[in-house]
Each structure stands twice: as structure tokens, then as C-alpha cells.
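**Q** Just passing along the structure, written as C-alpha cells.
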Amino acid sequence: MSLGYAEKLSFIEDVGQVGMTEFFDSAHVLQDKIEQLAKLIEKSRHLVVFTGAGISTSCGIPDFRGPKGIWTLQREGKPLPEASLPFHRAMPSMTHMALVGLEKAGILKFVISQNVDGLHLRSGIPREKLAELHGNSFMETCPSCGAEYYRDFELETIGLKETSRRCSDEKCGAKLRDTVLDWEDALPPKEMNLAEKHCRMGDLVLCLGTSLQITPACNMPLKSLRGGGKIVIVNLQKTPKDKKASLVIHGFVDKVIAGVMELLNMKIPPYIRIDLFQTILSQSLSSDKKFVNWTIRIASVHGLSAPLPFIKSVEVSFSNNQNYKEASLDTQPFLLKRIQSKVLNLTRMPHWKR
């Protein structure tokens, strides 16, 4: 999870058990359990996956309760771990992409996540097949019409607070709110209802990288048991729900899922990141009408005032013409004003590169 997210949370004394010992199944036992899991998935007709922070640690995002987790180190009075890269640059893991492959093959029916990192949506899991119980750091929603806006930058607030943007629907225009829960916030009914529905329908609920401690989310997988469903837990630490599970695997999630996909003879699709931005080119005549003043602006597709976290600088150059000087823009907003050209050269367009 994001350190920024953890720091924005309200202070709470009891965050549950932390600093939990990690367990690793032997190579032989691990392989045997991977084979068992592959058979369960192959036979499953309604597979539901329930994910926690452990699915994203290989993406460079620290977890909470592990030996080097955020809350573990906080309780010990030690410096917090450093994320290996900015939150918005985190890429979906092998497991995230394997779930995309399973969904596209029609095997995975629904994903329930406690994470706020947005990596399931970024990986390609359809929104209608995903319940984000604790929200999404990159998602804001309109409380009036219900419209959702998925951003390429981390929102500035948590706790369902108003953000600085408004709904783009002309008939609405209400102030948007973030979707990430603080400790005192209740789970969103829409996400909760969908998650409960699919857990009841599920004949197999696969829990990946979660200690299953945070209520009421942690009780969600148990709802599958009433209809004869099975629970499988893949986590390095023991969980309070282990006794309810048909299979408990102590191993790295990526290794386990990679082994399962190989046994299912399925390829893990690659992740291809696409970042969008808009280039705004405007012009006006000088007062003597002999020159054209150009203005070039590189902006977010989410609005002129929205941040562009994936662009560090912009270089502007003009091909085949030495009369125009190159320019380098190193700070936001990326705006270059008053580039003059003769009126006869109105059709000459600038070239830019990221």
C-alpha cells in the first residue's frame, strides 16, 4: 500500500496483530499444494478472488502487517519503509496480470479487493467485475449522479472528502469526492452487496496476500461456505480463517499463481501501460498583424489544473527551421508562450517529444 495513504489515515491505537511471523512451505509441499489449487480452479464454475496488500508487495508497495510492514514498524518506533517507486508509477504484478488472463478466459468471475492501489483496474479487470471494499486512491466519484472518474494521479484526500474537481456532466456539476475509506467509514453498500453476492455464488474463493483481519471485509469469503463453496488462502502469515479453508498455502503469491497458470497451460498476458495527455496549441495575431504568437500547453486529459505525474519535462523543437529556438519545460504547468512566426508561416507546426 501507499505510504501516503497510511499517513493520511486517522490515528487508531489498535490496528490488530502486526509483525506476524512468515512461514514458507517446503519446495515439495509447495508444489503439491500448487497442483491442488490448479485442480480446484479447473473444476470451479464460479471462481472469486479476494486480495490484500500481499498481492502488491512485488510491485514495490510495502504491506502493513509483515515483519517490515508499515504498522509493524510504527509500533516498534522504527522509520517507515520506503516505497521503491512513486505510488502512481506502480505496475501490476504477475499475479494481477494472471487474474486478467483468468477473467478473459471466463474462469474468474469476480475480484474483491481490500487494496486502494488501483492496480486491479489498471491491469485490466473490468470495473463491473471488481469490488474495491476500501476504495481506490485514483478514483473519485460524484455523490449526486454516481459517475466515477479514474485518474492517473493519486487523489489528495481520503475519507470520502470533497476534492477540487466537479462532475463533468453538464446536468450535474456536483463536487466530486474521493473513494478511500478512513477507519470510521462504513464499507460502500454498492461494493459490499456485489462482493457478498458473488461470495455466496462462489464455489471457490481464493484469498491472496491477506491476513484476513480487518472486519467486516475479512468475513466475506466465509459466505461461500454456506453454499458448499471452498476457501483457499495463499499468504505468508497465518490467518484467523485458516481453519475454515480447504487449503492453506504459505508461499509468495506470484510464485504460486505462476505455477498454477503453468499447470493450467495458460499464458500470463503482458501489461502495457498507456498514459494519455493533451496538447493544446493556440495562436493569436500580434498587434501589428505581422506575427503570430503561439502558445503550446501540455495538460492532463483530466483537466488543465490536474497534475501530470508521469511527465518530468517537455522539449519543444521546430523541424527544418533554425529561426525557432528549442525550449525545455521542466516544471508544471508545461506552458510555452509567445513563440513568434511570420504570418506567412501559419501552417508550420511545432514538434514535441516527452
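Cβ atoms here come from the backbone N, Cα and C positions, even for glycine.
Okay, these came from TrEMBL:
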DOMAIN    27-267  domain 'Deacetylase sirtuin-type'
ACT_SITE  His134  active site, proton acceptor
BINDING   Cys142, Cys145, Cys167, Cys172  Zn(2+) binding site
**Q** Identify, in sequence order, the residues in the chain of His134 (active site, proton acceptor) that are 6 or more apart from it along the sequence and have a CB within less than 8 Å of its CB; answer 'none' if there are none.
**A** Ser113, Gln114, Asn115, Val116, Val180, Leu181, Leu187, Ala217
**Q** Which residues, sitting 6 or more apart from Cys145 (Zn(2+) binding site) on the same chain, put a CB under 8 Å from its CB?
**A** Cys167, Asp169, Lys171, Cys172, Ala174
**Q** What is the set of residues, excluding Cys142, Cys145, Cys167, Cys172, whose C-beta falls within 8 angstroms of the centroid of the C-beta atoms at the Zn(2+) site?
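**A** Output for this site, in sequence order: Pro143, Ser144, Gly146, Ala147, Arg166, Ser168, Asp169, Gly173, Ala174, Leu176.
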**Q** Among the binding-site residues Cys167, Cys172, which residue has the fewest other Cβ atoms within 10 Å of its own Cβ?
**A** Cys172
**Q** Please work out the number of neighbouring Cβ atoms within 10 Å of the Cβ of Cys142 (Zn(2+) binding site), leaving out its own Cβ.
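**A** Excluding its own Cβ, the number within 10 Å is 20.
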